[in-house]
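*Asks:* So Swiss-Prot lists these for the protein:
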BINDING   157, 158, 159, 160, 161, 162, 163, 164  ADP binding site
């Protein structure tokens, strides 16, 4: 098969389809093939399932290539309709349920939307995640330095090095209360750790970035300005990294990492307990 030939990939669920997407993407990332993804959540009725089956079959007829179909469907009748399509179907949950049933000696009690839905059993975890998101938004970009005793991590770094997206990902994905504080150009003449942060040194974590990458990012926001110049970026990165070393603040170069990787590395380095939702 030509790796440049685009394959259609379906992620189908009678719930949010998050499980199908995550596991499907993980599997597809192992293959050097171009894909076009179609995510179909809440396929909960026979009529909808029949329409999805027809969509898969039509694509197969048009392209001559079987669409790749990852499903996470609890309802048997809905699942069977999709499995009868012309797609190459992978039931990513049921393939694990059988062996686990044998090991546990228990029959599964499947319930739609249990994984990512709101139930009595996970309500407290959901509330904790919303509280973490609220906290992170209120402590983004140095907006407030109050309540830092409640932070689980405080990210530091120059402007546009990835502090805000990483903080939000930590809050939304793991329920981590993350504050972040920026060092700006005006700080560089006499860069030091703000007094409000010193009592929480054990919570501080630095993000840095290659100056060339930083300049490219800033050029998109403020083209041909001192703020976006390579010289200014080199100055700021150098000064901030020196501060991290002087203050013995652990830090990570974010240049070649995704937000997901940065957040996970922070959890590991800071020994923070992850809470999956």
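Keep in mind that glycine also has a Cβ here, set from the backbone N, Cα and C atoms.
Quick caveat, the model's predicted, so the values are computed rather than measured.
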*Asks:* Name the residues of the same chain, 6+ apart in sequence, whose Cβ is under 8 Å from the Cβ of residue 158 (ADP binding site)?
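*Replies:* The answer is 182, 183, 184, 208, 209, 214, 233, 236, 237, 240.
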*Asks:* Using the CB centroid of 157, 158, 159, 160, 161, 162, 163, 164 as the ADP site centre, which other residues of the same chain sit with their CB within 8 A?
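*Replies:* Once 157, 158, 159, 160, 161, 162, 163, 164 are set aside, the remaining close residues are 180, 182, 207, 209.
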*Asks:* Looking at Cβ-Cβ distances, which residues of the chain lie under 8 angstroms from residue 161 (ADP binding site) while being 6 or more apart from it?
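*Replies:* Spatial neighbours, sequence-distant, of residue 161 (ADP binding site): 207, 208, 209, 214, 254.
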*Asks:* Return one of helix, strand or coil for residue 164 (ADP binding site), based on DSSP.
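*Replies:* Helix, per DSSP.
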*Asks:* Taking DSSP three-state, what's residue 158 (ADP binding site) in: helix, strand or coil?
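*Replies:* For residue 158 (ADP binding site) - judged by DSSP and reduced to three states - the answer is strand.
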*Asks:* Pick from 157, 162: which of these binding-site residues has the biggest number of other Cβ atoms within 10 Å of its Cβ?
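*Replies:* Per the Cβ count, the most surrounded site is 157.
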*Asks:* Would you please pick out, from the binding-site residues 160, 163, the one with the fewest other Cβ atoms within 10 Å of its Cβ?
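*Replies:* Minimum Cβ neighbour count within 10 Å, taken over the binding-site residues 160, 163, occurs at 160.
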*Asks:* Across all the protein chains here, work out how many other Cβ atoms are within 10 Å of the Cβ of residue 164 (ADP binding site).
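*Replies:* That number is 19.
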